[in-house]
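Below is one structure, written out as structure tokens, with a few remarks after it.
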Amino acid sequence: MHYDKENLWQIEQQGFDEQLLGKTEAVMALGNGYLGTRSSEEETYIGETRDTFVAGTFNSFDENEVTELPNVPDMWGMEFSFDGQRFSLSHGVVRDYSKRLNLKNGELIRTFIWEFEHLKLKFEFRRFVSKNRRHLLFSHLQLTNLSERAVNVKMRSGINGQVSNEGSQHFTDGEKGLMDGKFIQMMPVTTHSRIQFVQTVEHKFDKIISERPETGRRSFFMNYSFELAAGSDVSIEKRGSIYTSNDNDIENHELSAIREVAVQELHEIDVLSYEELLSESQYAWEKIWSKHPIEIESENFRDQLAIRFAKYHLHAMAPSHDERMNIGAKGLSGEGYKGHAFWDTEVFMLPYFNFTHPDIAKKLVTYRYLGLDGAHKKAASNGYEGAQYPWEAANPADGEVTPVWGAADIVTGQATKIWSGFIEQHITSDVAFGVKQYIDVTGDDEFEVEKGYEILIDTAKFWASRLEYNVATDQYEIRDVIGPDEYKEHVNNNSYTNYTAHWNVAYVLKLIAHLEASEPEVYARLDAKFDLSVLTEKLSAKVDKIFLPKATVDGIIPQDDSYLSKKILDLRKYKESDGVDSLFHEYNLEQVNQMQITKQADVLLLMLLFEDLFDREQKLKNFDYYEPKTTHDSSLSLSTHAILSADLGKLEQSYDFFNQAINIDMGEYMKSSDAGIHAASLGGIWQMIVFGYGGVRMVNSKLRIEPHLPKEWSHLEYGFDYQGEEISVSADRNQMTLTKPDDGHEIHFLNNNQVYTLKNQLTISI
Ligand code: BGC
């Protein structure tokens with residue numbers, strides 16, 4: 001990948017390389033939260049993954065498979081032949097190849113000159129997914145004939161349903177038709193969820209051409225042919241739209257009505273040029289960029305680029321239009337993790353939205369409210385009470401959708417069972433924690449009263465039923481779980497799980513007492529639902545007896561009951577290798593389970609999220625103990641380490657983690673993003689900057705602002721929303737200045753254990 005310090009809004013690939021297809025498809029993916037699409041080339045290649053997804057349109061391929069986001073028939077493809085020669089960059093000479101994404105307006109541009117025998121043609125492809133008209137996507141080709149003679153051009157373009165999710169075909173073919181003589185329409189339906197799709201495509205040329213429609217199995221193309229005189233060029237535009245019967249912005253979900261809406265919209269924009277449509281979309285992006293811009297003065301220009309890269313993708317993937325869906329672990333940029341949402345949302349991405357786009361954050365937490373039924377279903381099927389959130393979530397009401405079988409074990413050759421859906425239970429307290437953070441940061445009382453309390457109480461109710469009594473110790477334990485470190489399966493008393501469950505229960509006890517004393521109406525409503533006095537009794541009988549693993553004599557909080565007695569392996573060689581699975585070329589999961597090898601921040605994440613439970617000394621000791629045993633094989637790990645080490649004053653090490661974290665997707669390793677970009681890691685980039693170096697934190701419902709910049713940074717500007725106020729921070733190594741409009745209410749915050757009040761502007765030395 002190529003980055004240019006003169007253009008900190010651009011990521012670029014220079015020179016065509018088929019090895020890089022997966023990488024550029026994902027890191028340059030386009031999207032608007034409603035739909036997302038990988039940036040595959042117009043012409044096809046072996047090894048490409050040509051994906052387009054519409055958020056929330058889950059389907060299961062057959063009864064034995066969990067739901068996934070179906071790969072929608074492709075609308076970007078264009079096949080060319082010139083004087084009978086099929087066009088492909090796999091042959092001929094390619095000059096000046098550049099594929100670049102402009103993060104500012106979400107436009108992808110691909111330019112090159114292709115020479116083959118007597119042919120010499122110049123291509124300029126441009127495309128974008130509209131940010132303001134969510135159903136629409138546009139592409140434009142300016143093709144110039146640089147050959148010495150006229151060239152006969154043939155082009156085949158339309159909608160191609162011969163795509164799948166790694167072989168799983170999610171659509172029945174459906175009707176096809178030509179509307180108003182020029183709009184190609186395909187109407188596939190998902191096989192089980194029966195979601196009706198309507199895809200429409202229109203082509204526009206600036207010269208007269210001859211055309212012939214061609215419908216095939218799962219496809220509808222137009223064949224065009226024309227002569228391109230030597231030295232002349234042609235402009236070819238392709239406009240497309242995707243609607244579905246799941247859309248919340250159309251009232252009538254009958255097929256004929258959706259078709260009509262789709263065609264109508266294309267008619268309406270007929271007068272607008274590609275440029276005009278792009279500038280409308282750019283304007284929508286501008287609104288995002290102008291909200292709390294982050295400016296970093298750093299010795300390394302990629303730091304600035306990284307935050308733009310992260311924000312771009314977060315907004316390309318977040319379904320800001322609909323609370324019935326959430327953000328998949330790979331966003332809408334790949335088939336990895338099937339479009340499912342994980343704790344990645346609450347712990348890694350939600351903070352960004354809480355602090356900068358509370359309207360989007362609200363949708364994300366409301367999704368969890370809508371998920372209560374699914375969570376009840378999961379709890380009940382496991383013999384528990386309350387709400388047990390699914391480890392992987394798709395449609396909110398579906399409950400658990402984690403697949404049961406994964407990759408083959410290198411020792412036994414058998415498929416490995418994926419236990420997360422059964423026993424990775426910390427997701428339930430993560431959801432509760434996320435909801436509480438949302439409420440604290442935004443001050444959204446309405447959500448708190450109408451939805452938040454229920455989530456918090458129902459999750460605490462789950463934990464109360466989940467705890468297991470140990471007669472010998474007179475304590476409640478949580479046995480047979482997976483903590484954040486997924487390399488340890490079936491462990492007892494994972495510290496992260498026990499501490500966060502304890503927080504969930506203890507907080508709800510306080511909450512119920514508060515409601516009873518001061519909000520009688522709310523109390524009565526929730527009492528009718530949860531029988532609060534009985535619940536209080538249950539919770540209080542257990543809360544002080546929840547086993548919270550204590551530090552050893554060396555100050556180490558055990559990750560679980562058995563971790564510290566396991567064998568230690570020197571991990572340096574695996575940590576230095578590029579891929580995330582090098583360890584598994586030599587060991588299987590069972591063997592890794594028997595060693596002190598941690599996949600990702602576990603105890604250390606606990607220390608970051610619940611920082612006031614542990615003192616600095618303890619954090620330092622645990623950091624030094626666990627980090628060398630952590631492979632960072634999950635993209636959720638490095639940002640936690642970067643922030644915690646910044647908190648601990650290890651800024652040099654922190655900045656090293658920061659660099660590794662931004663390289664997860666932006667780095668040179670070609671294969672890292674093939675299955676899609678790492679959504680949680682993008683949230684992590686924002687957190688490393690604003691939480692880590694900007695020093696912002698919400699601890700125990702109190703805001704703290706304590707910047708500390710790495711030595712490579714001389715200045716940092718950022719901003720955030722806090723309880724309805726917009727705060728801007730400008731920090732260097734010696735002081736910070738906070739500003740907010742003076743017409744709002746005062747903000748209180750902590751800095752070095754001192755409470756400050758911000759009215760309009762305040763400067764504090766660091
Ligand atoms: C990580 C999980 C994460 C999931 C989805 C896994 O590799 O271990 O913590 O939730 O990926 O990103």
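Every residue, even glycine, has its Cβ placed from backbone N, Cα and C.
What TrEMBL records for Glu486 is active site, proton donor. According to TrEMBL, the substrate binding site annotation covers Trp343, Asp344, Lys599, Gln600. Among the features that TrEMBL reports, domain 'Glycoside hydrolase family 65 N-terminal' is placed at 13-245. Annotation comment: TrEMBL describes 308-687 as domain 'Glycoside hydrolase family 65 central catalytic'. Taken from TrEMBL, the feature domain 'Glycoside hydrolase family 65 C-terminal' covers 697-758.
This view paints the features noted in TrEMBL onto the structure.
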residue: Trp343; record: substrate binding site; DSSP class: coil
residue: Glu486; record: active site, proton donor; DSSP class: coil
residue: Lys599; record: substrate binding site; DSSP class: coil
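Annotated pair Lys599 (substrate binding site) and Glu486 (active site, proton donor), C-alpha to C-alpha distance, rounded: 6 Å. Take the Cα of Glu486 (active site, proton donor) and measure to each of the binding-site residues Trp343, Asp344, Gln600: the nearest one is Gln600. Broken down by DSSP into helix, strand and coil, the domain 'Glycoside hydrolase family 65 C-terminal' (697-758) contains 0 helix, 39 strand, 23 coil. Fewest Cβ neighbours within 10 Å among the binding-site residues Trp343, Lys599: that distinction goes to Lys599. For the recorded positions Asp344, Glu486, counting C-beta atoms within 10 A of each C-beta gives the highest total at Asp344.
Other Cβ atoms within 10 Å of the Cβ of Gln600 (substrate binding site) number 22 in total over all chains. Predicted-model confidence for the domain 'Glycoside hydrolase family 65 C-terminal' (697-758) is 96, expressed as mean pLDDT. The Cβ centroid of Trp343, Asp344, Lys599, Gln600 marks the substrate site; residues of that chain outside this set whose Cβ lies within 8 Å of it are Phe342, Val347, Pro484, Glu486, Ala601, Ser634, Leu636, Ser637, Ala680, given in sequence order.
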